[in-house]
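Participant: Quick one: structure below, then a few questions.
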Amino acid sequence: MELEEKLKEKEEELEDELEKKEKKLEELQEELGEELEEEFEKELKEKELDEEENEEEVELEELKKLKEELEEEELEMELNEKLKEEEEELDDELKESKEELDEEGLEMELKEELEELNQEEEELEELKKEELEELEEELKELEEGIRDGIEGGIRGIELGGGIRRIGGIGGIRVGVGGGIEGIGEELEELKELKEQEKELDDELKEFKEELEEELEMELKEELEELN
């Protein structure tokens, strides 16, 4: 809307300027017409008074009149040509102003869309960072659990005695087995997260390329229409 208002204001200014120049030309033409009419009446009176004078003088006056008429016609043609040139210049200025406004609008749209795309990319990076931090925390907890299980089993072995010994060994097995199983699951989750991350990166890259291509095509079409 703001671009259209600017363009409309520019068009109104140019139209006002053109209207003023046309009015000025009409005034000049009216003045020239009055001068021609007065000159014609004057010459007619002189001709009536000098009918008995030499024919050469009459012919001379006619030639003079013809010359003046030709000069007036040439002046009018020059004024019309000048007006035409000014109209063409005004049309060119209006066209250039419109092209500049259209290009500025397209650049603003492109800039806004790229900013939105960068914002989405930053949000995705932040999400990946949070997921990796959570995964690292879970792996740390698993390591602590495995370490506690092994330490408990070792204490059971050191204390000796049937059930305690068996319990200590079982604690080691349970701690190690559970830890290994937990690590396997977390590694599988980590692998899936990395695959998802890669898919998201690919989708984001593809979306960004498509958006840039569409914007480039739209800009090209707009410039072709303006030209």
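Just so it is clear, glycine is given a Cβ too, placed from its N, Cα and C backbone atoms.
Annotations in TrEMBL come from automatic prediction, not curation.
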Participant: Choose the correct range: of 75-106, 171-202, which one does TrEMBL annotate as region 'Disordered'? Give that range.
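Facilitator: When 75-106, 171-202 are checked in TrEMBL, region 'Disordered' belongs to 75-106.
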Participant: Work out, from DSSP, the number of helix, strand and coil residues along the compositional bias 'Acidic residues' (28-41).
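Facilitator: Counting residues by DSSP class gives 14 helix, 0 strand, 0 coil.
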Participant: Residues sitting near the compositional bias 'Acidic residues' (28-41): Cβ under 8 Å, six or more positions beyond its termini, same chain?
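Facilitator: Same-chain residues near the compositional bias 'Acidic residues' (28-41) but 6 or more away: 65, 68-69, 72, 75-76, 79.
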Participant: Calculate the per-residue pLDDT averaged over the coiled coil (180-225) and state the result as an integer.
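Facilitator: Value for the coiled coil (180-225), mean pLDDT as a whole number: 70.
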Participant: Tally of helix, strand and coil residues over the region 'Disordered' (75-106) according to DSSP?
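Facilitator: Once the DSSP states are binned, the region 'Disordered' (75-106) shows 32 helix, 0 strand, 0 coil.
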